[in-house]
């Protein structure tokens with residue numbers, strides 16, 4: 001065989017191998033493409049099912065949040081030889097007793113103060129005189145507060161609309177409580193559910209994510225309740241000592257709005273300043289200083305201690321998620337917003353970590 005024939009044979013073999021490799025790559029590409037299409041179809045079907053049953057999913061998610069919050073006290077009681085079911089009963093009794101005490105003592109005063117504040121909100125705006133936007137602010141607050149006060153005290157609502165809504169809310173509350181108690185009683189209740197519905201290859205990963213998410217949600221909820229209580233109590237004591245009217249309502253508002261970063265403290269402080277300055281300029285300035293001091297103590301002392309045990313989500317993301325949750329599901333959406341963001345954050349962090357580990361594994 002001549003050298004020219006040898007080169008021609010090598011060239012032919014090379015072209016044949018190249019063609020085979022190309023055909024194999026195209027087959028694999030086609031196979032991957034079909035697999036991706038099936039995954040997309042399955043994902044769309046799953047999303048459609050979740051959307052169709054979104055109310056059920058929201059209730060289940062809310063129950064998981066509540067049971068996650070119960071984990072820490074139940075584990076603490078278990079370490080002291082108290083059975084888990086007895087711990088649940090103890091927490092339920094303590095919770096109902098606290099609610100009953102608040103309904104008997106705090107709520108009547110808060111309702112009266114809210115109605116008085118709604119009735120006098122225009123006078124507060126008039127007392128501010130030349131302050132820019134005071135009249136508009138007082139009018140907006142007056143409409144909201146007067147509507148709330150009248151609906152609570154005057155009985156001006158439709159019984160036909162109220163009774164079905166009350167029944168629906170009671171059914172939802174009982175459902176969430178029953179599911180939450182079950183999940184808190186049986187420590188591995190959610191884990192068993194995931195094992196029953198998920199393929200084997202996804203079990204361990206899903207359960208790992210579940211444990212991390214429940215831990216974060218529980219710690220965030222504990223921290224948020226602690227922050228709200230601290231701010232509410234500090235605001236009430238300070239406003240009472242200063243002699244500001246409607247101290248209880250303003251303090252409860254400050255504690256409740258603490259869940260919304262940035263915006264919440266500003267709104268609560270602005271309303272308290274409005275009430276204080278309507279009494280006197282000195283009292284208004286003192287009220288402003290009080291809320292500034294409370295916010296600084298919270299930001300530099302309380303918040304860093306609490307944030308060590310919470311989710312570590314950026315405050316801007318927290319605020320946006322709360323607004324989005326409220327737009328979708330109202331008050332329940334506010335409760336579910338942060339846990340949902342925690343789940344997304346955990347999945348993204350896990351995906352990022354696995355992607356960074358992948359080159360090392362190869």
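Note that Cβ sites are derived from N, Cα and C of the backbone, with glycine treated the same way.
Since this is a predicted model, take the numbers as computed values, not measurements.
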- Can you check which of 188-210, 326-348 TrEMBL lists as transmembrane segment? 326-348
- Query: What range among 32-51, 132-151 does TrEMBL record as transmembrane segment?
  - Reply: 32-51
- Note on the structure: Contact set of the transmembrane segment (326-348) with the rest of its chain, CB cutoff 8 A exclusive, min separation 6+ beyond the ends, reads 58, 61-62, 64-65, 68, 209, 212-213, 216-217, 220, 224, 259, 311, 313, 317-318
- Same-chain residues near the transmembrane segment (166-185), Cβ under 8 Å, at least 6 residues beyond its ends: 59-60, 62-64, 66-67, 70-71, 74, 84-85, 88, 92
